[in-house]
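**Q** Let me give you the structure first, and then I'll get to my questions.
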Amino acid sequence: MTAVAVVGSQWGDEGKGKITDFLSKDAAMAVRSNGGNNAGHTIDIDGKTFKMRLIPSGIFAAKDNTVIGNGVVINPEVMFSELENLEKNGIDTSGLRISNRAHIIMPYDIKQDEYQEEAKGKNKIGTTKNGIGPTYMDKASRIGIRVCDLLEKDTFEEKLRTNLEIKNELFTKVYGKPALKFEDIFDKYYEYGQRMKKYVTDTSVLVNDALDQNKKVLFEGAQGIMLDIDEGTYPFVTSSNTISGGIASGIGIGANRLDTVIGVCKAYTTRVGAGPFPTELLDETGDRIREIAHEYGTVTGRPRRVGWFDSVALRHSKRVAGINGLSLNLLDVFSGFDKIKICTAYELDGEKIDYYPASLKELYRCKPVYEELPAWEEDITQVKTWDELPENAKKFLNRISELVGVPLVTVSVGPDREQTIVLKNPWEM
């Protein structure tokens with residue numbers, strides 16, 4: 001297979017960075033298709049930890065190019081900060097390519113995000129306030145500024161002046177906030193465009209050419225399927241399509257070009273921000289998992305909400321994203337536990353259901369139906385093969401695979417690349 005997609009199958013933070021780094025060592029190209037610097041990913045390599053929000057994880061290993069596609073929204077300041085940190089640590093970034101059709105997060109988008117969230121009061125979504133949503137709003141409203149616009153001084157000036165009129169009207173008259181000044185933005189962002197120029201190309205052509213040549217291309221999804229703008233827990237979702245279908249439009253490839261879709265999940269479930277979470281643990285067990293696994297947001301630093309593994313949510317993700325392989329992370333967290341629970345269904349108003357409701361009110365009334373399994377005492381962080389795993393760990397993994405209806409391809413027992421048990425090679429599925 002030459003096209004493998006990696007998507008988060010929960011609410012993000014599943015550890016996609018690790019599996020994409022692991023797979024990218026065999027890839028000619030690693031491609032990101034959606035989101036922006038609201039999507040944190042952590043990579044541990046040779047004792048060094050890299051926390052990134054925008055540059056694709058494949059930057060560490062992909063042989064030819066690392067690509068930021070047209071579906072990504074780019075904060076230039078964040079991007080150049082990450083590039084500088086990578087280069088300072090000896091990582092070659094010369095293969096980075098940026099779509100000329102990608103949209104730019106402008107200062108007014110960040111302000112709008114902040115003001116909108118503030119105005120919602122108790123109904124706030126829990127946005128990272130990085131301007132992601134407003135940038136996608138600009139895109140849908142056809143007033144967005146794209147990378148290609150940033151490279152053309154006259155075009156950029158015209159669009160910026162027009163947009164500032166629109167945004168300042170909103171800021172001053174609706175939110176009662178000060179107007180932004182053209183001169184505080186124009187020179188700085190035009191300079192970003194000039195610095196960006198060497199990376200910019202038509203990435204749709206680049207990626208399709210690689211696929212036509214049967215090169216291995218790894219597609220990195222951001223966030224998680226349960227945050228998808230259409231299929232997630234709306235309105236507590238992100239602003240882009242995080243399912244595998246969003247990869248095609250976010251890169252500019254045909255939907256039939258993906259060979260394999262790997263869904264990444266944790267051995268439990270986490271969520272950041274507001275929204276329904278049927279298996280959430282608000283007790284000592286939840287606190288224990290959070291501290292063992294250091295469940296704090298890469299972007300925000302906020303403590304993540306923690307719950308038991310939810311197979312109902314995973315089956316939903318499998319269906320809407322066409323997942324045909326599971327990559328499970330953080331199995332080692334349960335070493336030393338007595339029992340582990342898996343949610344097998346929900347109870348809604350006294351009725352047992354096995355699907356994920358669209359209605360928020362229904363979701364908030366759902367109670368998880370649990371199956372309890374024994375855990376294990378052994379430290380598994382040095383385990384290299386399936387046969388070395390404790391029997392109870394194998395039973396837990398097999399039950400997850402059975403409930404979701406998807407085979408496991410990798411199991412992670414620690415943060416490093418080497419702490420990965422490979423059951424099936426995604427490149428050969």
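Every residue gets a Cβ built from N, Cα and C, even glycine.
Keep in mind that this is a model prediction, so the values were computed, not measured.
According to Swiss-Prot, the protein carries these features:
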- 12-18, 40-42, R304, 330-332, 412-414: GTP binding site (BINDING)
- D13, E14, G15, K16, N38, A39, G40, H41, T128, R142, Q223, T238, R302: IMP binding site (BINDING)
- D13, G40: Mg(2+) binding site (BINDING)
- D13: active site, proton acceptor (ACT_SITE)
- H41: active site, proton donor (ACT_SITE)
- T298, V299, T300, G301, R302, P303, R304: substrate binding site (BINDING)
**Q** Sorry to bug you, but what's the C-alpha spacing from H41 (active site, proton donor) to P303 (substrate binding site), rounded to the closest Å?
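**A** Distance (Cα to Cα, whole Å): 15 Å.
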**Q** In whole Å, note down how far the CA of D13 (IMP binding site) lies from the CA of T42 (GTP binding site).
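**A** If we compare the Cα positions of T42 (GTP binding site) and D13 (IMP binding site), the gap is 9 Å.
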**Q** List only the single closest residue to T128 (IMP binding site), chosen from the binding-site residues G12, K18, G301, R304, V413 by CA-CA distance.
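**A** Checked the binding-site residues G12, K18, G301, R304, V413; minimum Cα distance to T128 (IMP binding site) goes to G301.
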**Q** Between G12 (GTP binding site) and R304 (substrate binding site), how far is it from one CA atom to the other, in Å?
**A** 11
**Q** Helix, strand or coil by DSSP: which one applies to K18 (GTP binding site)?
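**A** Helix, per DSSP.
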**Q** Using C-alpha atoms, which one of the binding-site residues G15, K18, G301, R304, L331 comes nearest to N38 (IMP binding site)?
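**A** Closest recorded candidate to N38 (IMP binding site) by Cα: G301.
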**Q** Could you measure the widest C-alpha to C-alpha distance across D13, E14, G15, K16, N38, A39, G40, H41, T128, R142, Q223, T238, R302, the residues recorded as binding IMP, and give it to a whole number of angstrom?
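**A** Comparing all Cα pairs, the maximum is 34 Å.
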